[in-house]
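Student: My questions all concern the structure below.
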């Protein structure tokens, strides 16, 4: 029936010349791989290098400018203490941003849970242990609500959490009657709420349990994200949700779990915040969500999802703390701290964009 | 055909409102063969493949795998039953490593306490397995098993996706337009890879618009037209222009081809 019946050639006629073709694959440029290419590739493999370098540099520079005052063990542990709450919120925020989302409600969840824990334990005489448990459950439930709306209603995370930010804030004002719970009342009725404000001495350094908590939470989440299948799925979803779905990940279920975990971390931050500020105020940490996003972005985690290490957010929070402390000790006006942080954000995102362009 | 088909479909119907995408479609895949599926745009190829791979649930008809009736509710179920699909988009996560991508959804855990209670992954075992599988398929031009998939070339990515499909004891592999986005050299590599997978005894369903590629590697060609199987032909007995004529309705297929 055809002229092709006799023998089937291997490949097509026009491919015959392939035998003699140049077997190198796109080898131009290789000889000209410059220093910048190497840097770009190294950063692509390890995006947390940038915040680490910035942190070390800023510590060294402020150490030189502000001298011994900055470098004292007291000051360095004070910085840890100062960033401990924003650090925890940044940990929660990192989880969401790794899935290519954003959570504007982290600080609102935290304040709402601190109000719930405080009111139950101080005003209603619920044992502190149960007040804390209810607070943790509430944090998880708030995250569940966010996650449910993102996955079931298919709304963008920005919109969902913009909405719940306001909702949680309003609930918080309603439950607290816009009243703070005074430090003395907490001491008298539920001293354990302030546990993370306590500290132990290490030479002249004063390390609060809250600072340690932040570091423990970061390492636990790092383990979860990098050493378990669940963590790899979180990255895969942030990278390309559709591909992750086709590859067999139950993306919606995992996303809801991510939002719940972030809510739980916010509730842990709520407990720690009582120790940090001493009282419980419904007006506290109003800018906490934006500060957490700042720490995450400076920490080299991509806002487009799937890239960066959660430890970067820890370094990001510390960088902001080091800038604030260093500039203050150097006698610089507060407004320049804000100015510097603004440039850091833009620099960090520019570097992220540049890293993404890496090729093999 | 004396053998029983490993994957068989009879009388599949799928309607989308007034549109009938599958109209009493039949399908047979025999053990160890490469079956190409060709058809014009809108002929219902995709619906057929989706029905087999669990992505759509047919309204009527039945599908059997190794003689057992199957009804998939999701692609995940099809995969668990041994039907692996390599999508045109490949479904790889670009920022994750080759190893992570190969094991997505079926990761290995460490033995003992770390794996059981902390659910820690056994990266070493996964890397060794991934390296072995890529080696088997002659894809070891990739030096670093931990490099991100986005740093690979198009052909290498296709290779990783095919290796992933072939690595986990699958019974059938469906390849959707594997050479559509590739250059001449890379297409050649992928075609060799397809034949290599077949030589391991895994039957392959190849969906392609590229007639030269289809005629080169396929053992049989399933021509889909107007929602059902028009005929099945052997590439040695017909020309590419015959196949295109059947596919587009320019010529009637001979009776013995439609009976198969």
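Keep in mind that glycine also has a Cβ here, set from the backbone N, Cα and C atoms.
Caution: TrEMBL annotation is automatic and unverified by curators.
The annotation transmembrane segment is assigned in TrEMBL to A:49-71, A:78-98, A:104-122, A:129-149, A:155-175, A:207-225, A:256-274, A:295-322, A:334-355.
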Student: Counting Cβ pairs under 8 Å that sit 6 or more residues apart, are there three or more between the transmembrane segment (A:207-225) and the transmembrane segment (A:295-322)?
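Tutor: Contact between the transmembrane segment (A:207-225) and the transmembrane segment (A:295-322): present.
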Student: Any chance you could find the range in A:104-122, A:129-149, A:295-322, A:334-355 with the most Cβ pairs under 8 Å to the transmembrane segment (A:78-98)?
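Tutor: Looking at each of A:104-122, A:129-149, A:295-322, A:334-355 in turn, the most contacts to the transmembrane segment (A:78-98) are made by A:295-322.
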Student: Cβ pairs under 8 Å only, please: of the recorded stretches A:104-122, A:129-149, A:155-175, A:256-274, A:295-322, which one is richest in them relative to the transmembrane segment (A:334-355)?
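Tutor: Between the candidates A:104-122, A:129-149, A:155-175, A:256-274, A:295-322, the best contact partner of the transmembrane segment (A:334-355) is A:295-322.
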Student: So, does the transmembrane segment (A:256-274) come close enough to the transmembrane segment (A:129-149) to give 3+ Cβ pairs below 8 Å, pairs being at least 6 apart in sequence?
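Tutor: Touching, yes - the transmembrane segment (A:129-149) and the transmembrane segment (A:256-274) meet the threshold of 3 or more Cβ pairs under 8 Å.
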Student: Mind checking which residues reach the transmembrane segment (A:104-122)? Cβ under 8 Å, same chain, six or more beyond either end.
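Tutor: Contacts with the transmembrane segment (A:104-122): 85, 89, 92-93, 128, 130-132, 134-136, 138-139, 142-143, 146, 158, 161-162, 164-166, 168-169, 171-172, 175-176, 181, 185-186, 189-190, 193, 262-263, 266-267, 269-271, 273-274, 280-282, 284-289, 291-292.
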